[in-house]
Amino acid sequence: MSSVFDALHERRSSSKVTDEAPSHEEILELVEAAGQVADHSGLAPWRVIEIRGDSRGIVGESLAAASGLHGHDAEKSIRKSFRAPLLLAVVVSPRPSVKVPYWEQEAVASGVAHALTLLLHERGYGAMWRTGIQTRSDAVRMAHRLEPGEQMLGWIYTGRHPDRPRDRRRSRIDVRRHVSTL
Ligand SMILES: Cc1cc2nc3c(=O)[nH]c(=O)nc-3n(C[C@H](O)[C@H](O)[C@H](O)COP(=O)(O)O)c2cc1C
């Protein structure tokens, strides 16, 4: 079993995946695990929408509509949402709280999304968190039936990793530039 340290170093996004998607039951299991992230007041201010099959077109259609695309350009946008067999829309569902402002609740939802990508990777699924300039548009909100106040965080595109994940341990950051002392 790899350590959290190894898992973080080895995770890489996969833009290409096979048609094999995690089942609904597996998604429930992984989302439950991802939901164990630190959460001020335990508000669980997030939810995940599974999007499979033809429903995937709704994502591209709403992004295209929000961008005012038509014809060939709209079709191109719609095709993009079929790049993986399963799209997991991650949504911030803010709860009323005097103690926990919106930004903290978005941080929790974001943590859930990152944890999900790691868990999918561990199970041999490729995952890639994708958004679009119109992710928070009304067209996308309506297409995903978001409640007032809810916000999209994007979609995790996932499916079986096409080959065994290579050991891709490498650092992309110059850590000394990101850590300082007060
Ligand atoms: C909130 C968020 C939105 C993203 N949106 C996109 C996107 O729309 N298109 C894209 O190519 N990459 C997007 N990315 C980046 C990829 O998910 C991925 O992290 C990047 O390609 C680097 O690959 P790596 O994760 O293997 O380092 C997004 C990442 C985050 C966290």
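Cβ coordinates come from backbone N, Cα and C, glycine included.
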Per TrEMBL record, range annotated region 'Disordered' [choices 1-21, 148-168]: 1-21
Candidates H40, R130: member of the binding-site residues with the richest Cβ shell (10 Å): R130
Around the Cβ of W129 (FMN binding site), the count of other Cβ atoms that are within 10 Å: 18
Among R11, S13, H40, W129, the binding-site residues whose C-beta sits under 6 Å from ligand 1: S13, W129
